[in-house]
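Report on the following structure.
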């Protein structure tokens, strides 16, 4: 185990990667699944609402299935993933998609632009069960569908018409989430919102270079925060 956030993770079956390995080995049955050494570099904050643990577990499932040369299809991998966490099926796809239900119904997008993004976490972990417990309402209206043609402006406008039903509950538990959102807006994010159940927030920028400059500015004001610039994965028509 290595990386900035490695110290907070267990090495036993409390680690989602270990559980993914064991679940896949159980599924393999009589197929050959020898012992493996896994190195995890943990660079994302723990319990931060960006699916870091789930994406690590998904990478373990995909990688071990290839390493062990298992005769296993995508639907079986998705079933194993879902047994480990609701967002595992989408992480197994590793591409822009729409997730419905509890995360088990995934539809890859046929086109999506490369957008500049900045992730900001004010250095706090938020318990997902605590956030759901703090929800004042669970009977919410459906979100509008994605527009058929997507560019920067279409994505921003769609986001402005949507919501994260968990944000209010999470901010009541950790007011610092509001500080992260204000920092993104102060850095001229075209849009800012909390990710998942928090506490990480994301800011939308038109290009990757603009996002990098914004991240530098936020990091200068908040050196103890997790701040990272990145880009969304671009999908051109017909690639999905």
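Every residue gets a Cβ built from N, Cα and C, even glycine.
Keep in mind the model is a prediction, meaning the values are calculated, not measured.
Listed in TrEMBL for this protein:
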type     : residues                                   : note
DOMAIN   : 15-92                                      : domain 'GHMP kinase N-terminal'
BINDING  : 45, 46, 47, 48, 49, 50, 51, 52, 53, 54, 55 : ATP binding site
ACT_SITE : 87                                         : active site
DOMAIN   : 151-220                                    : domain 'GHMP kinase C-terminal'
Rounded to a whole angstrom, what is the C-alpha distance between residue 45 (ATP binding site) and residue 87 (active site)? 17
Tell me the Cα distance separating residue 87 (active site) from residue 49 (ATP binding site), rounded to the nearest angstrom. 11
Measuring Cα to Cα, tell me the gap between residue 51 (ATP binding site) and residue 87 (active site) in whole angstrom. 7
Long-range Cβ environment of residue 55 (ATP binding site), under 8 Å and at least 6 residues apart: 91, 94
Taking only same-chain residues 6+ apart in sequence, whose CB is under 8 Å from that of residue 47 (ATP binding site), what do you get? 125, 126, 127, 128
What are the sequence-distant neighbours of residue 53 (ATP binding site), meaning same chain, six or more residues apart, C-beta distance under 8 angstroms? 16, 17, 46, 85
Count of other CB atoms lying within 10 Å of the CB belonging to residue 49 (ATP binding site): 25
So if I measure Cβ to Cβ from residue 87 (active site) and keep only same-chain residues at least 6 apart in sequence, which ones fall under 8 Å? 51, 54, 99, 103
